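Listed features, source Swiss-Prot:
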BINDING   GLY11, LEU12, GLY13, HIS14, ALA15, GLY16  FAD binding site
BINDING   278-292  NAD(+) binding site
Amino acid sequence: MGLRYDVIVVGLGHAGSEAALACARMGLATLGLTLKRERSAVLSCNPAVGGTAKGHLVRELDALGGEMGRAADQVGTHFKTLNASKGPAVQASRLLCDRDAYAVGMQAVLFSQPNLTVREGEVAALVAGGGRVEGVVLGDGTQVSASAVLLTTGTFLQALMHVGEQKEVGGRLGDDAARGLSESLRALGFTLGRFKTGTPARLARASIDWDALEPQPGDTRVRPFSWRTKVEGEGGMPFPRQPSVTCALTETTPRTHAVLRDNLHRSPLYQGDIVGRGPRYCPSLEDKVVRFASRERHQVFLEPEGPTSPLVYPAGLSTSLPADVQLTFLHTIRGLEQVEVVRFGYAVEYDYAPPTQLKATLETKAIAGLYFAGQLNGTSGYEEAAFQGLWAGINAALQLKGEPPLLPGRDEAHGAVLVDDLVTKGVDEPFRMFTSRSEHRLKLREGNADLRLARHGHRVGLLPREALERVEARGRAVTEEVARLKRTGLAARLRRPEVTYAQLGEGREDWPVLSPDVAEEVEVEVKYEGYVAQAARAAAREAESTDRWRIPEGYCFHEVRGLSSEAVEKLTAHRPGTVGQARRIPGLTPAAVSLLLVALKRGTEAPAVCAQPED
């Protein structure tokens, strides 16, 4: 082979960008291959970063030395803390971005990174020999050799787009598909499956009746994702840096649903044209109308794609219905009666590789030096993809440098839970991360991501000494203040739900002056300490005992109080004989297993045999 690199990264979406940057920053000669340079790191669907559990992943990624958090901070236009009325463990940051500016910023980082070469090209085949990857062959016949190859192909493998009866090859509107790589993977012995995703129409901002809608302003107190943004702020650089935008809330109507039901026969989803399973937590509108037939309305959030962008993203209206049907149902929604569509919604089917074919490092079991990350592993979401890309990139680089892998435990990071669930349980639908998937979720909070993971980022060379020292200083400040509160008896008062750390210090001249993030972490540490310890003991007991708890044949899972419809569906389909078997069902959360175990111990919440057939 003529060209030679240490690492080749195939695909430069969110997973590929993080993987390529990690390898290059760790000193390896890295080639990033993409179908179009100008489409690298694009926010393909919603123009936002973060969200429930996703915000946790972004902060963890940043603590390890990743790029997504900083890139989002630079172009944020609408900041929101989700679950703000709930406990700190489930509170999550979501940042609406200037879509175009995000891609421009990430591309500037990629294209200027030392040790990283970005080149356009389609990988037609992998080259392997003796159980080890050797490189790739491009569509034009060019051969490139490498010691490691990372596949981060997103939704592009054998991708097919659907709008009503129309089909077009491509992984994203305006982009082609990766046509030959699936066959190459199969030839090497890999199993592939088929998933689908979708996106809503993009609306003309000027054609929306904003006065008829309910405004949804962002939070006035905003916290950046990245430690680097904080440092830059201390140096005088303002934050936020983009003008803010106000989103708006509307909803579908019975008329909307009637239009959808009358046209289901034109939906590729219900015609049988789409065989891939779609994401449970981001269903198409037509799917929602069928699955939740009794609901008369579904919320729709209208999100401008930038301060000056003419486009609006209607969250909640993903669809693959024909263009004429899309326009008709849009006009039945308040505020959208005269809306103009700039680009219609569509669905994408694509190949994925079941992730049980991977090691914990995301290296494939069959071919040494070959790594999979992102939607190729059956996940959905920018943040899940980015974290996997960083994880795979770090571990590929460490392997080539002869160093031990980076494998934080499930009690250290939501990202570790994500990877562990993927490689041990696999997926039967596009995987989305939730805090409930972690048995240690009380200690895995957004606010302490740096305290948990910064040492790992520094160890692998992605987090500079300055950043680690800042984190260590913050950690010491938290530890010392918690110890002082315990020593003086004030911790007992702070544990009361109605008492805050600020209230404890009122009128006390000797009260220490702490930064807001330190004071907040002190309060959370004190209030959560008992619960965290209790949860850890419960998790240990549960892990030891679950295989001993048998589930009666014909057990009515839908009678178990608190179980989600997803959990009931999975339990009913798999019919586990023990709680231990239930724990190993793909996608079943530790929270659901705990609820099931409690019900079985009580023996009163569900009859052993269902009185009526389950749906």
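The backbone N, Cα and C atoms fix where each Cβ goes, glycine too.
Structural mapping of features recorded in Swiss-Prot.
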{"residue": "GLY13", "record": "FAD binding site", "CB count, 10 Å": "28"}
{"residue": "GLY16", "record": "FAD binding site", "CB count, 10 Å": "30"}
{"residue": "GLY278", "record": "NAD(+) binding site", "CB count, 10 Å": "23"}
{"residue": "ARG280", "record": "NAD(+) binding site", "CB count, 10 Å": "17"}
{"residue": "CYS282", "record": "NAD(+) binding site", "CB count, 10 Å": "19"}
{"residue": "SER284", "record": "NAD(+) binding site", "CB count, 10 Å": "26"}
{"residue": "GLU286", "record": "NAD(+) binding site", "CB count, 10 Å": "26"}
{"residue": "LYS288", "record": "NAD(+) binding site", "CB count, 10 Å": "19"}
{"residue": "VAL290", "record": "NAD(+) binding site", "CB count, 10 Å": "17"}
{"residue": "PHE292", "record": "NAD(+) binding site", "CB count, 10 Å": "13"}
Check: same-chain CB within 8 A of FAD site center, minus GLY11, LEU12, GLY13, HIS14, ALA15, GLY16: VAL9, SER17, GLU18, ALA19, THR34, SER40, ALA41, THR152, THR153, GLY154, GLY374, ALA385, GLY389
Nearest-integer angstrom distance between the alpha carbons (Cα) of SER284 (NAD(+) binding site) and LEU12 (FAD binding site): 26
Fewest other C-beta atoms within 10 angstroms, as judged across LEU12, ALA15, which are the binding-site residues: LEU12
Distance, LYS288 (NAD(+) binding site) to ALA15 (FAD binding site) (CA atoms, angstrom): 29
C-beta crowding around HIS14 (FAD binding site), within 10 angstroms: 33
Close binding-site residues near GLY278 (NAD(+) binding site), where close means Cα within 10 Å, chosen from GLY11, LEU12, GLY13, HIS14: none
Close in space, distant in sequence - GLY11 (FAD binding site), Cβ under 8 Å, 6 or more apart: LEU33, THR34, LEU151, THR152, THR153, GLY154, PHE156, GLY374
DSSP state at LEU12 (FAD binding site), helix/strand/coil: coil
Proximal residue to GLY13 (FAD binding site) among binding-site residues ARG280, CYS282, GLU286, LYS288, VAL290 (C-alpha distance): CYS282
Using Cα positions only, nearest of the binding-site residues to HIS14 (FAD binding site) (ARG280, CYS282, GLU286, PHE292): CYS282
